[in-house]
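Take a look at the structure below.
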Amino acid sequence: MNDYAGQHEVISENMASQIIVDLARYVQELKQERKLNFHDGRKAQQHIESCWKQLESSKRRFERDCKEADRAQQYFEKMDADINVTKADVEKARQQAQIRHQMAEDSKADYSSILQKFNHEQHEYYHTHIPNIFQKIQEMEERRIVRIGDSMKTYAEVDRQVIPIIGKCLDGIVKAAESIDQKNDSQLVIEAYKSGFEPPGDIEFEDYSQPMKRTVSDNSLSNSRGEGKPDLKFGGKSKGKLWPFIKKNKLSLKLGATPEDFSNLPPEQRRKKLQQKVDELNKEIQKEMDQRDAITKMKDVYLKNPQMGDPASLDHKLAEVSQNIEKLRLETQKFEAWLAEVEGRLPARSEQMHRQSGLYDSQNPPAVNNCAQDRESPDGSYTEEQSQESEVKVLATDFDDEFDDEEPLPAIGTCKALYTFEGQNEGTISVVEGETLYVIEEDKGDGWTRIRRNEDEEGYVPTSYVEVYLDKNAKDS
(Lines of atoms letter the chains of each structure in order from A; the text may use other names.)
(Lines give C-alpha, C1' and ligand atoms only; values in the text may rest on other atoms or scores of the structure.)
Protein backbone atom coordinates (compact mmCIF):
# COMPACT_ATOMS: atom_id res chain seq x y z
CA MET A 1 0.00 0.00 0.00
CA ASN A 2 2.89 2.38 0.76
CA ASP A 3 4.49 1.67 -2.63
CA TYR A 4 1.10 2.16 -4.31
CA ALA A 5 0.67 5.52 -2.56
CA GLY A 6 4.26 6.43 -3.48
CA GLN A 7 3.50 6.03 -7.19
CA HIS A 8 0.60 8.43 -6.84
CA GLU A 9 2.99 10.87 -5.17
CA VAL A 10 5.30 10.50 -8.19
CA ILE A 11 2.35 11.32 -10.47
CA SER A 12 1.53 14.36 -8.35
CA GLU A 13 5.13 15.62 -8.39
CA ASN A 14 5.46 15.18 -12.17
CA MET A 15 2.14 16.94 -12.78
CA ALA A 16 3.24 19.80 -10.57
CA SER A 17 6.59 20.20 -12.36
CA GLN A 18 5.55 19.47 -15.95
CA ILE A 19 1.95 20.69 -16.14
CA ILE A 20 0.77 22.90 -13.30
CA VAL A 21 3.65 25.40 -13.39
CA ASP A 22 3.36 25.95 -17.16
CA LEU A 23 -0.43 26.12 -17.04
CA ALA A 24 -0.36 28.67 -14.22
CA ARG A 25 2.00 30.91 -16.20
CA TYR A 26 -0.06 30.43 -19.37
CA VAL A 27 -3.27 31.34 -17.54
CA GLN A 28 -1.70 34.61 -16.41
CA GLU A 29 -0.68 35.36 -20.02
CA LEU A 30 -4.21 34.61 -21.22
CA LYS A 31 -5.70 36.88 -18.58
CA GLN A 32 -3.43 39.73 -19.68
CA GLU A 33 -4.22 39.18 -23.37
CA ARG A 34 -7.94 38.96 -22.66
CA LYS A 35 -7.72 42.18 -20.66
CA LEU A 36 -6.03 43.99 -23.58
CA ASN A 37 -8.66 42.76 -26.05
CA PHE A 38 -11.48 43.91 -23.81
CA HIS A 39 -9.74 47.26 -23.41
CA ASP A 40 -9.57 47.66 -27.20
CA GLY A 41 -13.26 46.75 -27.45
CA ARG A 42 -14.25 49.35 -24.84
CA LYS A 43 -12.06 51.95 -26.59
CA ALA A 44 -13.73 51.30 -29.98
CA GLN A 45 -17.17 51.44 -28.39
CA GLN A 46 -16.39 54.73 -26.65
CA HIS A 47 -15.14 56.19 -29.98
CA ILE A 48 -18.31 55.28 -31.90
CA GLU A 49 -20.45 56.64 -29.06
CA SER A 50 -18.49 59.90 -29.19
CA CYS A 51 -19.05 60.13 -32.97
CA TRP A 52 -22.76 59.49 -32.45
CA LYS A 53 -23.01 62.27 -29.89
CA GLN A 54 -21.20 64.65 -32.25
CA LEU A 55 -23.62 63.73 -35.06
CA GLU A 56 -26.63 64.31 -32.83
CA SER A 57 -25.23 67.70 -31.75
CA SER A 58 -24.66 68.89 -35.36
CA LYS A 59 -28.10 67.59 -36.34
CA ARG A 60 -29.81 69.57 -33.55
CA ARG A 61 -27.78 72.69 -34.46
CA PHE A 62 -28.76 72.38 -38.16
CA GLU A 63 -32.42 71.95 -37.16
CA ARG A 64 -32.27 75.00 -34.88
CA ASP A 65 -30.60 77.18 -37.53
CA CYS A 66 -33.20 76.18 -40.16
CA LYS A 67 -36.08 77.18 -37.86
CA GLU A 68 -34.43 80.49 -37.02
CA ALA A 69 -33.86 81.18 -40.76
CA ASP A 70 -37.55 80.51 -41.48
CA ARG A 71 -38.61 82.85 -38.69
CA ALA A 72 -36.24 85.57 -39.95
CA GLN A 73 -37.58 85.20 -43.51
CA GLN A 74 -41.19 85.43 -42.31
CA TYR A 75 -40.34 88.53 -40.23
CA PHE A 76 -38.69 90.18 -43.26
CA GLU A 77 -41.68 89.49 -45.50
CA LYS A 78 -43.99 90.88 -42.85
CA MET A 79 -41.93 94.06 -42.49
CA ASP A 80 -41.68 94.44 -46.27
CA ALA A 81 -45.49 94.23 -46.68
CA ASP A 82 -46.15 96.77 -43.92
CA ILE A 83 -46.35 100.32 -45.40
CA ASN A 84 -45.95 101.95 -42.03
CA VAL A 85 -42.42 100.52 -41.52
CA THR A 86 -39.45 102.59 -42.57
CA LYS A 87 -37.10 101.49 -45.28
CA ALA A 88 -34.21 101.17 -42.81
CA ASP A 89 -36.14 98.61 -40.69
CA VAL A 90 -37.02 96.62 -43.79
CA GLU A 91 -33.37 96.59 -44.88
CA LYS A 92 -32.31 95.48 -41.41
CA ALA A 93 -34.82 92.62 -41.41
CA ARG A 94 -33.63 91.57 -44.89
CA GLN A 95 -30.00 91.43 -43.76
CA GLN A 96 -30.96 89.46 -40.65
CA ALA A 97 -32.82 86.92 -42.81
CA GLN A 98 -29.81 86.54 -45.08
CA ILE A 99 -27.52 85.96 -42.09
CA ARG A 100 -29.85 83.27 -40.73
CA HIS A 101 -30.02 81.57 -44.12
CA GLN A 102 -26.23 81.55 -44.33
CA MET A 103 -25.97 80.01 -40.84
CA ALA A 104 -28.46 77.33 -41.82
CA GLU A 105 -26.40 76.53 -44.94
CA ASP A 106 -23.21 76.27 -42.85
CA SER A 107 -24.96 73.99 -40.32
CA LYS A 108 -26.25 71.88 -43.17
CA ALA A 109 -22.77 71.46 -44.61
CA ASP A 110 -21.33 70.67 -41.18
CA TYR A 111 -24.08 68.14 -40.45
CA SER A 112 -23.54 66.47 -43.84
CA SER A 113 -19.78 66.19 -43.23
CA ILE A 114 -20.20 64.75 -39.74
CA LEU A 115 -22.86 62.34 -40.97
CA GLN A 116 -20.52 60.99 -43.64
CA LYS A 117 -17.75 60.66 -41.09
CA PHE A 118 -20.05 58.83 -38.62
CA ASN A 119 -21.26 56.43 -41.29
CA HIS A 120 -17.66 55.63 -42.16
CA GLU A 121 -16.72 55.13 -38.47
CA GLN A 122 -19.80 53.00 -37.89
CA HIS A 123 -18.92 50.83 -40.88
CA GLU A 124 -15.36 50.44 -39.58
CA TYR A 125 -16.65 49.67 -36.07
CA TYR A 126 -19.05 46.90 -37.11
CA HIS A 127 -17.05 45.47 -40.01
CA THR A 128 -13.44 45.91 -38.96
CA HIS A 129 -12.66 46.81 -35.33
CA ILE A 130 -15.16 44.62 -33.47
CA PRO A 131 -14.68 41.57 -35.77
CA ASN A 132 -10.91 41.87 -35.31
CA ILE A 133 -11.26 41.98 -31.53
CA PHE A 134 -13.60 38.98 -31.44
CA GLN A 135 -11.25 37.16 -33.81
CA LYS A 136 -8.36 37.71 -31.42
CA ILE A 137 -10.44 36.44 -28.47
CA GLN A 138 -11.49 33.41 -30.49
CA GLU A 139 -7.89 32.64 -31.46
CA MET A 140 -6.87 33.03 -27.81
CA GLU A 141 -9.53 30.53 -26.71
CA GLU A 142 -8.50 28.11 -29.46
CA ARG A 143 -4.88 28.29 -28.29
CA ARG A 144 -6.11 27.65 -24.73
CA ILE A 145 -8.03 24.56 -25.86
CA VAL A 146 -4.98 23.22 -27.69
CA ARG A 147 -2.81 23.86 -24.61
CA ILE A 148 -5.26 21.97 -22.38
CA GLY A 149 -5.16 19.05 -24.83
CA ASP A 150 -1.35 19.06 -24.69
CA SER A 151 -1.51 19.06 -20.87
CA MET A 152 -3.86 16.09 -20.92
CA LYS A 153 -1.45 14.22 -23.20
CA THR A 154 1.40 15.05 -20.84
CA TYR A 155 -0.63 13.75 -17.89
CA ALA A 156 -1.36 10.54 -19.80
CA GLU A 157 2.37 10.03 -20.38
CA VAL A 158 3.15 10.75 -16.71
CA ASP A 159 0.52 8.22 -15.61
CA ARG A 160 1.60 5.68 -18.23
CA GLN A 161 5.15 5.66 -16.85
CA VAL A 162 4.06 4.37 -13.43
CA ILE A 163 1.37 1.94 -14.60
CA PRO A 164 3.76 -1.07 -14.62
CA ILE A 165 4.93 -0.26 -11.08
CA ILE A 166 1.32 0.22 -9.92
CA GLY A 167 0.48 -3.19 -11.40
CA LYS A 168 3.27 -4.76 -9.35
CA CYS A 169 2.04 -2.94 -6.24
CA LEU A 170 -1.47 -4.28 -6.78
CA ASP A 171 -0.08 -7.79 -7.24
CA GLY A 172 1.78 -7.36 -3.98
CA ILE A 173 -1.41 -6.20 -2.22
CA VAL A 174 -3.26 -9.29 -3.50
CA LYS A 175 -0.41 -11.54 -2.40
CA ALA A 176 -0.31 -9.93 1.06
CA ALA A 177 -4.08 -10.28 1.41
CA GLU A 178 -3.93 -13.96 0.44
CA SER A 179 -1.16 -14.61 2.97
CA ILE A 180 -3.18 -13.35 5.94
CA ASP A 181 -3.09 -15.78 8.88
CA GLN A 182 -6.07 -14.86 11.01
CA LYS A 183 -5.20 -17.37 13.73
CA ASN A 184 -1.71 -15.96 14.14
CA ASP A 185 -3.07 -12.39 14.13
CA SER A 186 -5.56 -13.26 16.84
CA GLN A 187 -2.78 -14.84 18.90
CA LEU A 188 -0.66 -11.69 18.56
CA VAL A 189 -3.56 -9.58 19.84
CA ILE A 190 -4.09 -11.99 22.73
CA GLU A 191 -0.43 -11.82 23.69
CA ALA A 192 -0.44 -8.03 23.49
CA TYR A 193 -3.59 -7.50 25.57
CA LYS A 194 -3.85 -10.51 27.88
CA SER A 195 -4.78 -9.52 31.43
CA GLY A 196 -2.65 -11.94 33.43
CA PHE A 197 -5.56 -12.97 35.68
CA GLU A 198 -5.97 -16.60 36.65
CA PRO A 199 -9.45 -18.19 36.78
CA PRO A 200 -10.62 -19.11 40.29
CA GLY A 201 -10.29 -22.67 41.50
CA ASP A 202 -13.07 -24.96 42.62
CA ILE A 203 -14.87 -24.05 45.84
CA GLU A 204 -14.50 -26.80 48.41
CA PHE A 205 -17.41 -28.27 50.26
CA GLU A 206 -17.80 -26.99 53.81
CA ASP A 207 -19.29 -29.66 56.04
CA TYR A 208 -21.40 -27.92 58.68
CA SER A 209 -22.72 -31.24 59.96
CA GLN A 210 -19.49 -31.77 61.91
CA PRO A 211 -19.17 -28.73 64.15
CA MET A 212 -16.06 -30.01 65.89
CA LYS A 213 -14.00 -29.71 62.72
CA ARG A 214 -14.83 -26.01 62.52
CA THR A 215 -13.39 -25.39 65.97
CA VAL A 216 -9.98 -24.24 64.81
CA SER A 217 -7.68 -21.51 65.99
CA ASP A 218 -8.79 -17.87 65.99
CA ASN A 219 -6.30 -17.07 63.24
CA SER A 220 -7.67 -19.77 60.94
CA LEU A 221 -11.24 -18.80 61.75
CA SER A 222 -10.62 -15.15 60.92
CA ASN A 223 -8.93 -16.13 57.69
CA SER A 224 -11.78 -18.40 56.66
CA ARG A 225 -14.34 -15.74 57.45
CA GLY A 226 -12.39 -12.93 55.90
CA GLU A 227 -11.40 -14.70 52.71
CA GLY A 228 -14.27 -17.09 52.23
CA LYS A 229 -16.76 -14.35 51.55
CA PRO A 230 -14.97 -12.66 48.70
CA ASP A 231 -14.19 -16.06 47.19
CA LEU A 232 -17.87 -17.01 47.33
CA LYS A 233 -18.88 -13.66 45.92
CA PHE A 234 -16.30 -13.96 43.16
CA GLY A 235 -17.22 -17.53 42.34
CA GLY A 236 -20.97 -17.06 42.58
CA LYS A 237 -21.89 -13.67 41.23
CA SER A 238 -19.30 -13.54 38.46
CA LYS A 239 -20.22 -17.01 37.22
CA GLY A 240 -21.04 -16.95 33.56
CA LYS A 241 -19.76 -13.39 33.12
CA LEU A 242 -16.56 -12.25 31.44
CA TRP A 243 -14.83 -8.98 32.27
CA PRO A 244 -14.84 -7.54 28.73
CA PHE A 245 -18.63 -7.71 28.59
CA ILE A 246 -19.59 -6.06 31.89
CA LYS A 247 -21.15 -2.64 32.20
CA LYS A 248 -18.55 -0.05 33.11
CA ASN A 249 -20.61 2.64 34.78
CA LYS A 250 -17.99 3.86 37.20
CA LEU A 251 -17.46 7.60 37.12
CA SER A 252 -13.70 7.19 37.44
CA LEU A 253 -13.61 5.07 34.28
CA LYS A 254 -15.93 7.50 32.50
CA LEU A 255 -13.83 10.53 33.30
CA GLY A 256 -10.60 8.74 32.42
CA ALA A 257 -9.02 8.97 35.89
CA THR A 258 -5.88 6.77 35.79
CA PRO A 259 -3.80 6.09 38.93
CA GLU A 260 -0.11 6.87 38.68
CA ASP A 261 0.85 3.22 39.22
CA PHE A 262 -1.75 1.97 36.67
CA SER A 263 -3.38 -0.08 39.41
CA ASN A 264 -6.68 0.10 37.54
CA LEU A 265 -5.32 -2.25 34.85
CA PRO A 266 -5.06 -6.06 34.88
CA PRO A 267 -1.65 -7.38 35.96
CA GLU A 268 -0.25 -8.13 32.50
CA GLN A 269 -1.36 -4.79 31.06
CA ARG A 270 -0.13 -3.00 34.18
CA ARG A 271 3.28 -4.63 33.76
CA LYS A 272 3.49 -3.46 30.15
CA LYS A 273 2.47 0.09 31.05
CA LEU A 274 4.98 0.27 33.92
CA GLN A 275 7.75 -1.12 31.69
CA GLN A 276 6.90 1.49 29.06
CA LYS A 277 7.01 4.24 31.69
CA VAL A 278 10.40 3.03 32.97
CA ASP A 279 11.79 3.04 29.42
CA GLU A 280 10.51 6.58 28.85
CA LEU A 281 12.08 7.80 32.09
CA ASN A 282 15.39 6.17 31.19
CA LYS A 283 15.34 7.98 27.84
CA GLU A 284 14.63 11.28 29.63
CA ILE A 285 17.55 10.61 32.03
CA GLN A 286 19.86 9.88 29.11
CA LYS A 287 18.77 13.09 27.38
CA GLU A 288 19.41 15.15 30.53
CA MET A 289 22.81 13.48 31.00
CA ASP A 290 23.77 14.32 27.41
CA GLN A 291 22.73 17.90 28.04
CA ARG A 292 24.80 17.97 31.25
CA ASP A 293 27.85 16.67 29.37
CA ALA A 294 27.38 19.33 26.70
CA ILE A 295 27.15 22.10 29.31
CA THR A 296 30.22 20.74 31.09
CA LYS A 297 32.22 20.77 27.85
CA MET A 298 31.06 24.32 27.13
CA LYS A 299 32.12 25.38 30.62
CA ASP A 300 35.58 23.88 30.06
CA VAL A 301 35.85 25.84 26.80
CA TYR A 302 34.87 29.05 28.61
CA LEU A 303 37.47 28.34 31.31
CA LYS A 304 40.22 27.89 28.73
CA ASN A 305 39.02 30.81 26.59
CA PRO A 306 37.40 33.48 28.83
CA GLN A 307 36.83 35.78 25.85
CA MET A 308 34.18 33.32 24.52
CA GLY A 309 31.94 33.52 27.60
CA ASP A 310 31.59 33.55 31.37
CA PRO A 311 31.87 30.05 32.91
CA ALA A 312 29.84 31.13 35.94
CA SER A 313 26.82 31.79 33.72
CA LEU A 314 26.49 28.04 33.14
CA ASP A 315 26.47 27.02 36.81
CA HIS A 316 22.75 27.69 37.22
CA LYS A 317 21.87 25.66 34.13
CA LEU A 318 24.17 22.83 35.21
CA ALA A 319 22.59 22.71 38.67
CA GLU A 320 19.11 22.69 37.13
CA VAL A 321 19.99 19.78 34.84
CA SER A 322 21.52 17.81 37.73
CA GLN A 323 18.38 18.40 39.78
CA ASN A 324 16.22 17.15 36.90
CA ILE A 325 18.35 14.01 36.62
CA GLU A 326 17.93 13.31 40.33
CA LYS A 327 14.16 13.77 40.10
CA LEU A 328 13.94 11.44 37.10
CA ARG A 329 16.03 8.80 38.88
CA LEU A 330 13.76 8.89 41.92
CA GLU A 331 10.74 8.61 39.63
CA THR A 332 12.36 5.68 37.82
CA GLN A 333 13.06 3.89 41.10
CA LYS A 334 9.42 4.31 42.11
CA PHE A 335 8.11 2.80 38.88
CA GLU A 336 10.74 0.05 38.95
CA ALA A 337 9.54 -0.90 42.45
CA TRP A 338 5.95 -1.13 41.18
CA LEU A 339 7.16 -3.13 38.18
CA ALA A 340 9.04 -5.58 40.38
CA GLU A 341 5.95 -5.93 42.55
CA VAL A 342 3.74 -6.72 39.54
CA GLU A 343 6.25 -9.14 38.04
CA GLY A 344 6.37 -10.89 41.40
CA ARG A 345 2.62 -11.43 41.16
CA LEU A 346 2.79 -12.97 37.69
CA PRO A 347 4.27 -16.40 38.43
CA ALA A 348 5.13 -19.09 35.92
CA ARG A 349 2.40 -21.47 34.74
CA SER A 350 3.57 -24.33 37.00
CA GLU A 351 3.59 -22.08 40.06
CA GLN A 352 0.11 -20.84 39.19
CA MET A 353 -1.23 -24.38 39.01
CA HIS A 354 0.44 -25.22 42.30
CA ARG A 355 -1.11 -22.21 43.98
CA GLN A 356 -4.50 -22.96 42.50
CA SER A 357 -4.38 -26.49 43.88
CA GLY A 358 -3.73 -25.12 47.37
CA LEU A 359 -6.13 -22.20 47.05
CA TYR A 360 -8.74 -23.44 49.50
CA ASP A 361 -6.60 -25.63 51.72
CA SER A 362 -7.97 -24.82 55.15
CA GLN A 363 -4.94 -26.41 56.82
CA ASN A 364 -2.59 -23.91 55.19
CA PRO A 365 -3.81 -20.35 55.83
CA PRO A 366 -0.69 -18.62 54.36
CA ALA A 367 -1.36 -20.30 51.00
CA VAL A 368 -4.85 -18.86 51.00
CA ASN A 369 -3.38 -15.45 51.77
CA ASN A 370 -1.00 -15.58 48.79
CA CYS A 371 -3.70 -16.70 46.38
CA ALA A 372 -6.05 -13.97 47.47
CA GLN A 373 -3.31 -11.48 46.69
CA ASP A 374 -2.52 -13.08 43.34
CA ARG A 375 -6.19 -12.92 42.38
CA GLU A 376 -6.49 -9.21 42.90
CA SER A 377 -9.52 -7.36 41.62
CA PRO A 378 -9.73 -5.99 38.05
CA ASP A 379 -9.07 -2.54 39.48
CA GLY A 380 -5.86 -3.80 41.15
CA SER A 381 -6.72 -1.70 44.18
CA TYR A 382 -4.67 -3.43 46.89
CA THR A 383 -1.08 -4.57 47.46
CA GLU A 384 0.65 -7.21 49.52
CA GLU A 385 1.40 -4.75 52.36
CA GLN A 386 -2.28 -4.28 53.21
CA SER A 387 -3.94 -6.07 56.10
CA GLN A 388 -6.37 -8.96 55.64
CA GLU A 389 -9.36 -6.84 56.58
CA SER A 390 -8.57 -4.21 53.94
CA GLU A 391 -8.03 -6.96 51.34
CA VAL A 392 -11.45 -8.41 52.10
CA LYS A 393 -13.09 -5.00 51.99
CA VAL A 394 -11.52 -3.93 48.69
CA LEU A 395 -12.22 -7.28 47.09
CA ALA A 396 -15.85 -7.16 48.07
CA THR A 397 -16.46 -3.59 46.92
CA ASP A 398 -14.54 -3.97 43.66
CA PHE A 399 -16.29 -7.17 42.69
CA ASP A 400 -19.62 -5.62 43.67
CA ASP A 401 -18.98 -2.71 41.29
CA GLU A 402 -17.63 -4.77 38.43
CA PHE A 403 -19.80 -7.87 38.49
CA ASP A 404 -22.96 -7.34 40.52
CA ASP A 405 -25.16 -5.92 37.77
CA GLU A 406 -28.18 -8.14 38.39
CA GLU A 407 -29.47 -6.21 41.43
CA PRO A 408 -30.13 -2.52 40.59
CA LEU A 409 -29.57 0.06 43.31
CA PRO A 410 -32.73 1.29 45.04
CA ALA A 411 -33.92 4.84 44.34
CA ILE A 412 -33.22 7.30 47.17
CA GLY A 413 -35.26 10.13 45.72
CA THR A 414 -36.21 11.96 42.54
CA CYS A 415 -34.77 14.83 40.56
CA LYS A 416 -35.94 17.31 37.94
CA ALA A 417 -33.72 18.27 35.01
CA LEU A 418 -33.10 22.03 34.99
CA TYR A 419 -31.31 21.96 31.63
CA THR A 420 -30.90 19.59 28.69
CA PHE A 421 -27.73 17.46 28.90
CA GLU A 422 -26.32 15.41 26.01
CA GLY A 423 -24.65 12.40 27.64
CA GLN A 424 -22.08 11.50 24.98
CA ASN A 425 -19.37 9.94 27.18
CA GLU A 426 -19.48 6.40 28.51
CA GLY A 427 -21.34 6.20 31.82
CA THR A 428 -23.40 9.37 31.29
CA ILE A 429 -27.09 9.61 30.39
CA SER A 430 -28.95 12.21 28.34
CA VAL A 431 -31.75 14.19 29.98
CA VAL A 432 -34.25 16.74 28.68
CA GLU A 433 -35.13 19.96 30.49
CA GLY A 434 -38.13 19.44 32.80
CA GLU A 435 -37.80 15.64 32.85
CA THR A 436 -38.26 13.84 36.20
CA LEU A 437 -36.00 10.87 37.02
CA TYR A 438 -34.99 8.69 39.98
CA VAL A 439 -31.87 9.40 42.02
CA ILE A 440 -29.93 6.23 42.93
CA GLU A 441 -26.67 7.78 44.14
CA GLU A 442 -25.95 11.23 45.57
CA ASP A 443 -23.13 13.55 44.51
CA LYS A 444 -19.94 12.25 46.18
CA GLY A 445 -18.23 15.60 45.83
CA ASP A 446 -17.10 15.14 42.24
CA GLY A 447 -19.97 17.13 40.68
CA TRP A 448 -21.92 14.11 39.30
CA THR A 449 -25.20 12.51 40.39
CA ARG A 450 -26.23 8.99 39.38
CA ILE A 451 -29.82 8.76 38.12
CA ARG A 452 -32.12 6.22 36.49
CA ARG A 453 -34.87 6.61 33.91
CA ASN A 454 -36.03 2.98 33.90
CA GLU A 455 -34.57 -0.43 34.62
CA ASP A 456 -32.25 -0.36 31.59
CA GLU A 457 -31.29 3.34 31.45
CA GLU A 458 -29.11 4.81 34.17
CA GLY A 459 -25.95 6.91 34.33
CA TYR A 460 -24.39 10.12 35.60
CA VAL A 461 -25.40 13.73 34.96
CA PRO A 462 -23.80 16.96 36.26
CA THR A 463 -25.26 17.82 39.67
CA SER A 464 -25.73 21.44 38.60
CA TYR A 465 -28.06 20.31 35.79
CA VAL A 466 -30.67 18.76 38.11
CA GLU A 467 -32.68 19.68 41.22
CA VAL A 468 -32.63 16.72 43.64
CA TYR A 469 -35.50 15.77 46.01
CA LEU A 470 -34.21 13.06 48.37
CA ASP A 471 -36.59 10.63 50.06
CA LYS A 472 -36.11 11.12 53.83
CA ASN A 473 -37.02 7.53 54.66
CA ALA A 474 -34.55 6.17 52.12
CA LYS A 475 -31.87 8.53 53.36
CA ASP A 476 -32.42 7.61 57.01
CA SER A 477 -32.35 3.93 56.28
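Cβ atoms here come from the backbone N, Cα and C positions, even for glycine.
All TrEMBL annotations are machine predictions without curation.
Residues or ranges marked as domain 'F-BAR' by TrEMBL: 1-185.
Under the heading region 'Disordered', TrEMBL lists 214-233 (among others).
Taken from TrEMBL, the feature domain 'REM-1' covers 264-341.
Within the model, the coiled coil (271-298) carries an average pLDDT of 90. Under the heading coiled coil, TrEMBL lists 271-298.
The feature region 'Disordered' is assigned by TrEMBL to 349-391 (among others).
Per TrEMBL, the feature compositional bias 'Polar residues' maps to 359-372.
Sequence annotations record features per position, and here TrEMBL assigns domain 'SH3' to 410-471.
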Grouping DSSP H, G, I as helix and E, B as strand, the residues of the domain 'SH3' (410-471) number 3 helix, 29 strand, 30 coil
Distal contacts, the coiled coil (271-298) - CB-CB under 8 A, six or more residues away: 196, 261-262, 265, 309, 314, 317-318, 321-322, 324-325, 328-329, 331-332, 335-336, 338-339, 342-343, 346
